[in-house]
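Trainee: Quick one: the structure is below, questions incoming.
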Amino acid sequence: MTTPLIETKDIGKTYGSVIALSDVSTVVHAGEVTCVLGDNGAGKSTLIKILAGVHQHDEGSFQVEGEEIRFSSPREALDHGIATVYQDLAVVPLMSVWRNFFLGSEPTTALGFIDRKQGRAVTKKALSDMGIDLRDVEQPVGTLSGGERQCVAIARAVHFGAKVLILDEPTAALGVKQAGVVLKYVAQARDRGLGVVLITHNPHHAYPVANRFLLLKRGRALGSYEKDEIDIEELTRQMAGGAELEALAHELRAAEA
Amino acid sequence: MTVTAKAPPVSDERLSKPRVLDRLVVRPEIGAALGALLVFVFFSAATEQFLSLAGAATWLDDASTLGIMAVAVALLMIGGEFDLSAGVMTASTALVTAILSTQLGVNVWLALLISLAFALGVGALNGWLVMRTGLPSFIVTLGSFLALQGLNLGVTRLVTGSVQVSGMRDTAGYESAGYLFASTFPVFGQEFYVSIVWWVLFTAVAAILLVGTKFGNWIFAVGGAAMSSRAVGVPVLRTKVVLFMTTAFAAWLVGSINILRFTSVQANQGIGLEFQYIIAAVIGGCLLTGGFGSALGAAIGALIFGMARQGIVYANWNSDWFQLFLGVMLLSAVLVNNVLRRRAERVRR
Ligand SMILES: Nc1ncnc2c1ncn2[C@@H]1O[C@H](COP(=O)(O)OP(=O)(O)O)[C@@H](O)[C@H]1O
Ligand SMILES: [Mg+2]
């Protein structure tokens, strides 16, 4: 087995007195999708913010390609090939598509000025390589649909050679059709050999693209499954708290007896 | 518009006609340029002196120092922050230079350098405090505004026993420094102040920086969405601190121009000017919410200010009308900017 791109073991994080995450273990392999599922407040964002260098973990081990690591900034995570697309923070709405695409990695001419021509051309090419067809890369990103914005952000991560792509609820605010489009690009990034961490609270979005599932609840791992260990009904049932309800019923029966 | 998986067609049928207009409307300085033209034509027709060389020298001079500040403040506003201490800072820097050279006998050039270091220090402190505390820059710089105002008066009174410092004319280095900051140059026999050249230079550098460099891209980004920028590796803290320092630098430039031209400075100078800078920047197309605006626009905003202020004098009107004019300009600019923003930001699902 090859070294995973990312591996966490019993990782934990507290915000002051709030335990946002504890004892969570998972792996991300190249060319595979690890899906993190959980209700609101389950700690999904906290987990990926640690992976992305926005926050640091307080407990456990976090390894990138077999090396123990603690990122001090998103820049550092990016330099290790970990790119993150946040749900609401994917892009800067008032900036043009190509300026967004190159934000933080602007192409410059010999004199140090931004190379706009190259910027526009490369953006157009990279987007169409991903199958994204935009009419005009000079338009503000704010004029794109929610799905298109996510796609631009995904294409950007792929273009700049990310090894790991982290997506925080990319489909949460989208309609059915747009969500499908975004999932298609997720699959495309996976097929290009990236390791993907996909966060969602919709099992129907997760199941078709994922290779493994990590279920979170109140900061703890409720379960961790490979795709062949679980079917979508069971995943949905677990998400809805089915297992917990059963355990509760069991306890009640035991108490009665 | 939808996302499709096919390769883009050679000519895209979705590129509809209104695009040229859309593009034009997206340029933030268009409104200001039209306003400037209107004001120019109006006072040229309404008064004798306005359209003369002497007239132009006067209103350009009036616009120049305001313009330098407005451009710096515009960069800061595009970066998503305000600096209420910018006006008082023009007096602080002049005071530091004046006290050092008139009271302590320091060479003017050295005094200017020390004053510059002081300004950059205050700018960096402003930026660092805003970023460290996470408080709105409105509040933080209101604090530094009050602090500087107190220092200006307190220190001046302590050193000179009055509320002004004068006597720059007799200091070492006054001639050469004055040549750089406060001299005039002839154009068709009319003397123009060199501050106009500083204004044009400052605007040009800022405009090129803003649209042509990485750093300029970061300014728009940190003002438009700081967290998104950070997520893709933009150094948000450094960008904002440098912007506060740029405003302080501009205040130093204007303070130096003032002290070398007038050779004296009042300790209570500059108060209230910070709003004029913000107004000029807004008239020039800056959004109060950050992420959008133009350096050239802010310079044109200052030009409108200068032309209207002097035009009203030439027309022999009461200067009260200037305030009315300002109010109307500001309101219409904010309304136009708002429409522009909604166009650019409208979310389509
Ligand atoms: N910056 C923060 N400070 C304090 N508490 C936080 C912070 N971020 C998240 N939390 C808390 O941590 C828990 C997990 O949040 P989060 O990771 O955002 O969940 P999810 O993304 O699964 O909805 C929640 O109880 C939330 O209130
Ligand atoms: Mg979340």
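Keep in mind that glycine also has a Cβ here, set from the backbone N, Cα and C atoms.
Copied straight from TrEMBL:
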TRANSMEM  B:24-45  transmembrane segment
TRANSMEM  B:57-77  transmembrane segment
TRANSMEM  B:108-131  transmembrane segment
TRANSMEM  B:138-159  transmembrane segment
TRANSMEM  B:192-211  transmembrane segment
TRANSMEM  B:243-263  transmembrane segment
TRANSMEM  B:275-308  transmembrane segment
TRANSMEM  B:320-340  transmembrane segment
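I'd like to know what surrounds each of these features in this structure.
Mentor: Residues 57, 60-61, 63-65, 67-68, 71-72, 74-75, 78, 180-186, 219-220, 250, 253, 257, 261, 294-296, 298-299, 302 of the same chain lie 6+ residues outside the transmembrane segment (B:192-211) yet bring a C-beta within less than 8 angstroms of a C-beta in it.
For the transmembrane segment (B:243-263), same-chain residues at least 6 beyond its ends with a Cβ under 8 Å from one of its own Cβ atoms are 65, 68-69, 71-73, 75-76, 79, 81, 83, 86, 89-95, 97-98, 108, 112, 115-116, 119-120, 122-124, 126-127, 130, 166-169, 174, 177-178, 181-182, 193, 195, 198, 202, 219, 269.
Same-chain neighbours of the transmembrane segment (B:275-308): 27-33, 35-36, 39-40, 43, 50, 59-64, 66-67, 69-75, 77-82, 86-87, 199, 203, 206-207, 209-210, 220-221, 223-225, 322, 325-326, 329-330, 333-334, 337, 340-341, 344, counting only residues six or more beyond its ends whose CB sits under 8 Å from a CB of the stretch.
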Trainee: Please figure out which one of B:57-77, B:138-159, B:320-340 racks up the most CB pairs under 8 Å against the transmembrane segment (B:24-45).
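Mentor: Maximum Cβ contact count belongs to B:320-340.
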Trainee: By a Cβ-Cβ criterion of under 8 Å, what residues six or more beyond either terminus of the transmembrane segment (B:57-77) are in contact with it?
Mentor: 50, 83, 86-87, 90, 190-193, 195-196, 198-199, 202-203, 206, 209-210, 219, 223, 243-244, 246-247, 249-251, 253-254, 257-258, 273-274, 276-278, 280-282, 284, 286-288, 290, 293-295, 297-299, 301-303, 305-307, 309-311
